[in-house]
Amino acid sequence: MRGTIMKGIGGFYYVNTDRGIIECRARGKFRYNGLFPMVGDKVEIKLERDQGIIDEICPRISQLKRPAVANVTQALVVFAFNHPEINEDLLNKFLISCEFNNLKPIVCFNKLDLADKEKKLDVIDMIRNTGYEVIFLKAKEGYGIDKVREKLKDNITVLCGPSGVGKSTILNAIYGKELMETGQISHKLNRGKHTTRHSEIIELEDGFMVDTPGFSSLDIGHITKDKLQYCFPEFIEFIGICKFTGCVHHKEPDCAVKSALYDDKINKRRYDFYVKTLNEISSKKKY
């Protein structure tokens, strides 16, 4: 029997099949082989003593490490302009993760009414200079929600971003009812409580949405130095025309990417983040 994992909690996986949702466990062979079922996986299951058993995980068309989801077609990367304060490094890490996994990211800035004007323009310029689509939201008031709905049609969309930015509020506005519990910002840490504690596929009218827990940090250390450059779409047209083969666009002379930076074809803040990430990858490799 084939189905799709809709959510996973405490070692149990809830698989949507022709017979409805079946609670399943995974066979031990997956753990032995270092393979773990993910929300979004297409799986073959068997019934043994009234217990569903995941017997096979079908090949994935896409996969995110964190949040751990499979077979999604695009990502809504949600950040708030304030409460919590926007973390540009974390935003860029989410975008890198999407690019590395061949997912189309759409950047949603929520809480537009709380934005500092100068900061808003800087962040918008940084993202738009890369060619990413940007949607502005005031989710509590419903502003911008129709634009999000348009993007969901015929897609399996992962909703991701840090805690407290309003992902559950956005999902409730899209769905039209209080589907997910919404949390308040933790005053002690000025970060959002992790209201969503597990990833789950939500079926919508024209598509599917994967709601995921919020994160205050994101590790992209699995991306190698030579692959990192391809996670910056604004670099692509300049890669391969540098003087030196294997140029990583940092200290090498006659670098086409750095020339584009000097000509204002690449955003300096994005390039600075690239160099910072490149150095972090190099430092990890030494140990």
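Keep in mind that glycine also has a Cβ here, set from the backbone N, Cα and C atoms.
Note that this is a predicted model, so its numbers are computed, not measured.
As annotated by Swiss-Prot, domain 'CP-type G' applies to 61-218.
Sequence-distant neighbours of Asn110 (GTP binding site) (same chain, 6+ residues apart, CB-CB distance under 8 A): Val78, Phe79, Ala80, Phe81, Leu137, Lys138, Ala139, Val165, Gly166, Thr169, Ile170. For the recorded site, Asn110 (GTP binding site), the DSSP three-state label reads strand. According to Swiss-Prot, the GTP binding site annotation covers Asn110, Lys111, Leu112, Asp113, Gly161, Pro162, Ser163, Gly164, Val165, Gly166, Lys167, Ser168, Thr169.
For Cys255 (Zn(2+) binding site), other Cβ atoms within 10 Å of its Cβ number 19. The Zn(2+) binding site annotation in Swiss-Prot covers Cys242, Cys247, His249, Cys255 and rests on sequence analysis.
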- [ ] Over the domain 'CP-type G' (61-218), work out the mean pLDDT and round it to an integer.
- [x] 80
- [ ] Would you mind checking how many other C-beta atoms are within 10 angstroms of the C-beta on His249 (Zn(2+) binding site)?
- [x] 24
TODO: Determine, to the nearest whole angstrom, how far the Cα atom of Cys242 (Zn(2+) binding site) is from the Cα atom of Gly161 (GTP binding site).
DONE: 35
